[in-house]
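Engineer: The following block contains the structure, expressed as structure tokens.
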Amino acid sequence: MEGESSRFEIHTPVSDKKKKKCSIHKERPQKHSHEIFRDSSLVNEQSQITRRKKRKKDFQHLISSPLKKSRICDETANATSTLKKRKKRRYSALEVDEEAGVTVVLVDKENINNTPKHFRKDVDVVCVDMSIEQKLPRKPKTDKFQVLAKSHAHKSEALHSKVREKKNKKHQRKAASWESQRARDTLPQSESHQEESWLSVGPGGEITELPASAHKNKSKKKKKKSSNREYETLAMPEGSQAGREAGTDMQESQPTVGLDDETPQLLGPTHKKKSKKKKKKKSNHQEFEALAMPEGSQVGSEVGADMQESRPAVGLHGETAGIPAPAYKNKSKKKKKKSNHQEFEAVAMPESLESAYPEGSQVGSEVGTVEGSTALKGFKESNSTKKKSKKRKLTSVKRARVSGDDFSVPSKNSESTLFDSVEGDGAMMEEGVKSRPRQKKTQACLASKHVQEAPRLEPANEEHNVETAEDSEIRYLSADSGDADDSDADLGSAVKQLQEFIPNIKDRATSTIKRMYRDDLERFKEFKAQGVAIKFGKFSVKENKQLEKNVEDFLALTGIESADKLLYTDRYPEEKSVITNLKRRYSFRLHIGRNIARPWKLIYYRAKKMFDVNNYKGRYSEGDTEKLKMYHSLLGNDWKTIGEMVARSSLSVALKFSQISSQRNRGAWSKSETRKLIKAVEEVILKKMSPQELKEVDSKLQENPESCLSIVREKLYKGISWVEVEAKVQTRNWMQCKSKWTEILTKRMTNGRRIYYGMNALRAKVSLIERLYEINVEDTNEIDWEDLASAIGDVPPSYVQTKFSRLKAVYVPFWQKKTFPEIIDYLYETTLPLLKEKLEKMMEKKGTKIQTPAAPKQVFPFRDIFYYEDDSEGEDIEKESEGQAPCMAHACNSSTLGGQGRWII
């Protein structure tokens, strides 16, 4: 067997990173290895003084040297390669390298099919014809790798012969010093993996070489690293491979500076198997990186590797010493783990990332120290995973290939964070426990670079933009939303343009003015061109029908199932975004307000009330009332939530709770309650007066102190806050207070006359029906009740409305099913003749004539409205109110007048 192997030619495919050459000769390798071993021995025996002197002389000469890689690692590897070469040749035709995962089969044509069945299935089998002579059977590759190695054969032979001719001690020292100077120049530009080769300073200022570890495991890990790099080299484009080769050369030829300016050579390990495995694994790893990385990435990787290995360490006195190699087992395993993850990184890197590294990038070698803290974490993680088998490692690589396509596009340095927890271990183990200032600076620079480039490479989040647009549309369309999105139009200009359509617009809130300027001004101009006035108040039947038609048309246009989904989108969270997009796309505001001459927001409120499935559910039961009280005690005045819980509209529950919130009296009002009501209404009316009105009244009082104060008619029944009145009365709700005040006001405006009793009542009914028939309106909302009040007398409009409601309910059958014109026609044609006949009979019986109703007054003396029937009862109320001043028409209330001491109206 030994004789046959001596006839084999050496076919050694080596990675481009280390530039190991493919040599085809028989006798030179053994001789070469003996010479290297002898030279390295002589170098160790030289004195430090002689070395320092020779370094200073030869330094300038070697600056122009064409050598681009150091032969130190070559000598170390070749010196140890001869010890166990014969043992490996004694292997039979079959051989398995567990670390590299490749089974080598040396067979001839006869025993090609005689492969044993018990061989592992997760390794590659390579068949080599025995007719081809081989000297190193431990360096087989797949056919794909052999083709790549042969492509570099001519180039490798030329470089190998060139190095062999210049191999001696003098050139070794010159190369070391030259690489040391080059490393100093390129050190600030090197990337994070340059930090793997930190050196320690000796006590005398001299940095010496650490003895190479003689442990098998460490050599295995280095060998694994080289094999993985071969994989990377196969997948890399040419540009990236060139850059990676340059980086590897600089890394291998890194010398160290000792205390006395000496540059001792690196001591090669004496173990033959360790050297071989180191070479094989590094080359394999380089090939695997080449498989997964583009040209630009390989260029940067090789440059970074060269700079890493050629980094010198300067001692206290300027000497350069070799890198001390740790002799610990764990550190060697960290190198192995690092090589495996370099292989994983090359496979998993997406194309978009690969294109981001045109030159000088170190995707496979810069990962370990992108962030110092992550590297420390990875150091701990690798300790727990260092004993995993080769089978599990290969499985993880396969998974990485599958999952590599699912990665999102990260920033340049975010790719490194995927593996820095493992790859950083090798750098941290070789650097030692103490951190270096240079390392901190490098990490800081990388961190800042990462922060700057991450936003640029991060893809835009389109889903987030869509959700933001939907939310803004919801706020824009929601009836309960605030006015934060109102336009910043000039308030004065908006008021001036809107006053043409709404005379009292300046009295509205600023947010309301801006909203109407934005949403309604153009619509108002269109209605003006058509001759239609803008309306407020209760919707007419015609407007309700038009609104219903607009909603149905919009549902048909968009395909939304129901009006409840359209107007109460929050009740359907799963379809909320879709409905909101449809509203925005088909201009919901324009469709819903078509042909309705009202502000858009009032139209929207009316639509919500009309199409609310929880509205119009009839009277509240006792159980509903108790639930309402319970939910209000828990949620407060959150009427929207309470309405959803009791299946009622928010307006309905708010109105009902105002009636049952506390114990209220029913039936006839007592005198004390009546006085409280009069006082409360008076305070609320005076509180509402503007400062300008107060100044005008004050000036009139100063001119004529004896004059009687008066109050405008409309202020007695318009704009009163009945909620405040209810709070002051305490024993009645706001509806009871409003009804009772209308009764009191009518009596005092008519000076106590009974205008709707007996013959006067018949006369008022006849006059009311005739007036309603004359105005010829289509809906009750079109009636001017202020003007119609003159048909009865000097009464408030609400009094007339009450009498009309009573009239149609008594005289018109099924009035709920009739329109307003139909009701008026029935009253005029059927009821009016009967009422006139009855009135004539009564006049004949009593012998009196019909009295003409009194004309309405526009101004009333204040004391004619706000007074008490009995002053003694007022004194009793004063005692009951614990010192509160009674409200009398001729009394003086300084607190109400703001210190003026007079009633102001």
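Each residue, glycine too, has its Cβ placed from N, Cα and C.
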Engineer: Write down the residue from T142, T248, T848, T896 that Swiss-Prot flags as phosphothreonine.
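Structural biologist: Among T142, T248, T848, T896, the one Swiss-Prot marks as phosphothreonine is T248.
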Engineer: Which residue does Swiss-Prot record as phosphoserine, given the choices S6, S240, S699?
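Structural biologist: Among S6, S240, S699, the residue Swiss-Prot annotates as phosphoserine is S240.
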Engineer: According to Swiss-Prot, one residue among S151, S478, S577, S710 carries the annotation phosphoserine; which one is it?
Structural biologist: S478
Engineer: Quick check on the record annotations: which of S41, S177, S472, S481 is tagged phosphoserine by Swiss-Prot?
Structural biologist: S481
Engineer: Can you tell me which of these residues Swiss-Prot lists as phosphotyrosine: Y476, Y799?
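Structural biologist: Looking at Swiss-Prot, the phosphotyrosine feature maps to Y476.
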Engineer: Which one of S47, S213, S403 gets the tag phosphoserine in Swiss-Prot?
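Structural biologist: Checked Swiss-Prot: the phosphoserine annotation sits on S403.
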Engineer: With Swiss-Prot open, pick whichever of K141, K440, K695, K700 is annotated SUMO2 cross-link.
Structural biologist: K700
Engineer: For the domain 'Myb-like 1' (612-661), provide the mean pLDDT of the predicted model.
Structural biologist: 87
